[in-house]
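Take a look at the structure set out below.
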């Protein structure tokens with residue numbers, strides 16, 4: 001009897017399996033959303049091809065914005081800036097040549113008669129020149145609360161200049177710009193650039209503005225790297241330097257994070273080796289890369305207080321798409337950014353950050369590289385050089401390593417300069433310049449040891465005017481983004497910067 005019943009159950013189960021799964025397939029609305037965006041792009045591109053004078057296909061495709069918590073004010077800036085045009089060939093550190101370039105910039109305050117009150121404000125990776133609102137662009141800037149009459153960067157006293165860095169996409173020449181050689185987007189034909197190259201371009205802007213010496217150079221994150229670099233390349237052109245959440249060289253953890261973001265982006269099939277400008281952009285890779293970046297921009301303690309391990313809606317079944325509050329936050333951060341910034345600019349500028357190293361040996365290597373490549377510029381300036389020769393001059397020689405990853409034991413390595421001694425020598429040009437270095441203990445992207453090392457090496461290089469500030473976890477748990485966050489009840493960055501700038 002029991003045996004017969006068992007056989008009937010087995011037969012019923014076999015019949016069930018033939019016609020129906022034991023469980024329904026999960027739904028993936030986040031995947032559907034990405035596919036729908038691609039479909040919208042493809043439809044818009046088809047319409048644009050049929051009607052060439054139609055609007056940019058990305059204009060009608062929107063992403064949600066973040067509304068909860070203190071968040072940076074970043075946006076896609078397409079107007080309201082001035083332009084500096086450099087119409088001569090520009091040799092980059094790694095041998096590439098730009099036939100000409102443009103730098104977008106904005107200014108606040110009034111330049112005094114002897115042009116001695118100018119502050120150059122350097123941006124982070126994805127920021128535009130729009131640090132503060134003005135009549136030509138009334139939208140709030142990314143440092144809106146820090147700049148203005150009587151504020152931390154006081155425009156009653158100072159003439160503030162903010163540029164969009166070389167390689168970016170908000171008015172300055174970058175991969176999305178048109179190559180004058182063939183009238184097409186540079187894409188990944190744009191040359192590899194360094195932080196030093198960014199500074200050389202900015203110095204040419206200062207020449208154009210007839211500013212021989214800045215009152216101060218101020219920057220955070222990538223901007224902090226630029227600020228220090230300006231002081232090292234042209235110490236005679238700056239009176240004081242503020243570097244916030246930056247450093248004199250990139251940390252391996254930071255390099256690893258940015259490398260991961262680039263790999264995610266480059267493996268989006270729509271990236272197409274950088275040639276996506278006439279097609280669908282790599283929006284999914286860009287979104288995921290931004291989510292990884294956002295993890296590095298903030299801190300665990302803040303998120304524990306803000307999100308904990310709470311689900312967005314406990315009444316629904318768990319899902320692989322955004323489910324926990326922290327997941328929905330990351331998803332929104334990625335959505336907000338994925339169509340605002342050029343993916344190739346992210347590749348180029350993040351790589352420049354990775355290569356940032358102010359040690360004496362590295363700077364010497366770059367200098368030797370420039371001398372070695374000077375013949376390219378000379379040939380470029382020659383009237384009889386052909387287009388084919390120019391392409392050959394800039395030919396890429398990068399290859400994968402012959403040997404896979406290997407951990408090299410310290411005793412087997414070729415002799416190298418002591419890192420700290422090397423960095424001290426590299427920072428020697430700054431020994432007579434007052435420098436403020438600020439770090440944040442909760443910073444995951446640029447660990448506070450980077451700022452401690454920078455201040456320590458400046459002092460050992462003979463600089464007796466180093467001011468060091470470190471915000472501990474009780475003062476700020478906002479991580480790397482601390483420099484972007486303004487709170488009336490907390491003196492995070494602004495008050496310390498104001499005191500340094502106005503110190504006689």
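In case you wondered, yes, glycine gets a Cβ from its N, Cα and C as well.
Of all ranges given (5-26, 27-48, 49-70), Swiss-Prot attaches the label region 'Disordered' to 49-70.
It is 124-127, from the ranges 120-123, 124-127, 128-131, that Swiss-Prot records as region 'Important for substrate specificity'.
Within 10 Å of residue 480 (active site), counting C-alpha to C-alpha distances, fall the following of the recorded positions 221, 258, 290, 443: 221, 443.
Using a Cβ-Cβ cut-off under 8 Å and counting only residues 6 or more beyond its ends in the same chain, the region 'Important for substrate specificity' (124-127) has close neighbours at 74, 142, 164, 220-223, 337, 341, 346, 349-350, 353.
Taking 221, 290, 443, 481 as the recorded positions under consideration, the smallest Cα distance to residue 258 (site 'Important for acyl-CoA specificity') is found for 290.
Summed and averaged per residue, pLDDT over the domain 'AB hydrolase-1' (117-395) gives 94. According to DSSP, the secondary structure content of the region 'Important for substrate specificity' (124-127) in residues is 0 helix, 0 strand, 4 coil. Among the recorded positions listed here, namely 221, 290, 481, 481 has its C-alpha nearest to that of residue 443 (active site).
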